[in-house]
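I have placed the structure first, in the form of structure tokens, so that the comments after it can refer back to it.
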Amino acid sequence: MLSPANAKNQRLVSLEDVGVLRGGRWLVRGVEFSVSRGEIVTLIGPNGSGKSTSAKAAIGVLKPDEGRVERLSGLKVGYVPQKLSIDWTLPLTVRRLMTLTGPLPERDMQAALEAAGIAHMIGAEVQHLSGGEFQRALMARAIARKPDLLVLDEPVQGVDFSGEIALYHLIKSIRNASGCGILLISHDLHVVMAETDTVICLNGHVCCRGTPEAVSRSPEYVRLFGSRAAQTLAVYSHHHDHTHLPDGRVLHADGSVTDHCHPEDGHHAHDSQEHAHGQDHVHAHEHSHDDHHGHDHAHEHAHSRSGEGRHA
């Protein structure tokens, strides 16, 4: 256990060489990262890459089969799931949603809803909320009990571009107001929240890590989407020293092929290096669009997504 303290930048959770084995197959292996108080860490990768698995291992929902996870003693976690099973035919108000996991003082409920910008919707039925409003309700539910660590599993899914910007702005506000650490999971491989301190690209292991390039540096992006978008979103450029083959094996830069990519095999040096918080570690080069188990990465950026849809 990590020792309790109130200092800013205090480490909340740390993963060291973590692996999760299920059905004779490694879902993730050799995963290393940490989240400190006031820090935002974003996990990106294709579907099935181990993002949610790694996050669940970090907060103790999954027990790793190898490696070590250390957490702050008495760590309080707020969790916004990727999907929430709700019977939409039954009436469920925002107020009731806030107390599904237990009673909550009225003052704390009101404060959380106010922080999420939906205090006026406390009596609304959740099935009538838009995608963005529902995500705000889930976020209010997660922060109501004042967590040290906030885990957000694809929080901007089902919202349009402007809604995505607004939600990222909300996440930033929550971090600034509470000082909590944030572990954010995203399926978007190239466009991430600009306030992210560290981006970690996963595909069964840590493929690369670094800091995002601020979109605000691109005049074209600012002209197209405005300064608020430029201040909220950022571009992350990948640097992989290996290629994932269609059969799941890994082709390394030296021409060798292995069944997986693991720090101990000597091919993946940067996995074992701890990324310094705040260090400028941007990898600028073209990202191969078919290097993750044969998945096609050529997907639309955030600005070309369809309009706001229903929540999951």
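For all residues, glycine too, the Cβ spot is worked out from N, Cα and C.
Among the features that Swiss-Prot reports, domain 'ABC transporter' is placed at 13-228, with the record citing sequence analysis.
Packing around K51 (ATP binding site) is summarised by its Cβ count: 27 other Cβ atoms lie within 10 angstroms of its Cβ, all protein chains included. According to Swiss-Prot, the feature ATP binding site maps to G45, P46, N47, G48, S49, G50, K51, S52, an assignment based on sequence analysis.
Residues or ranges marked as region 'Disordered' in Swiss-Prot: 241-312.
Annotation comment: Swiss-Prot describes 243-312 as compositional bias 'Basic and acidic residues'.
With the fewest other Cβ atoms inside 10 Å of its Cβ, the least crowded of the binding-site residues G45, P46, G48 in this structure is G48. Cβ atoms within 8 Å of the centroid of the Cβ atoms of G45, P46, N47, G48, S49, G50, K51, S52 (the ATP site) belong to the same-chain residues T53, H187, L202, N203, site residues excluded.
Ranking the binding-site residues N47, S49, S52 by C-beta neighbours within 10 Å puts S49 at the top. Within 10 Å of the Cβ of G50 (ATP binding site) there are 24 other Cβ atoms, across all protein chains. Secondary structure at K51 (ATP binding site), as computed by DSSP, is helix.
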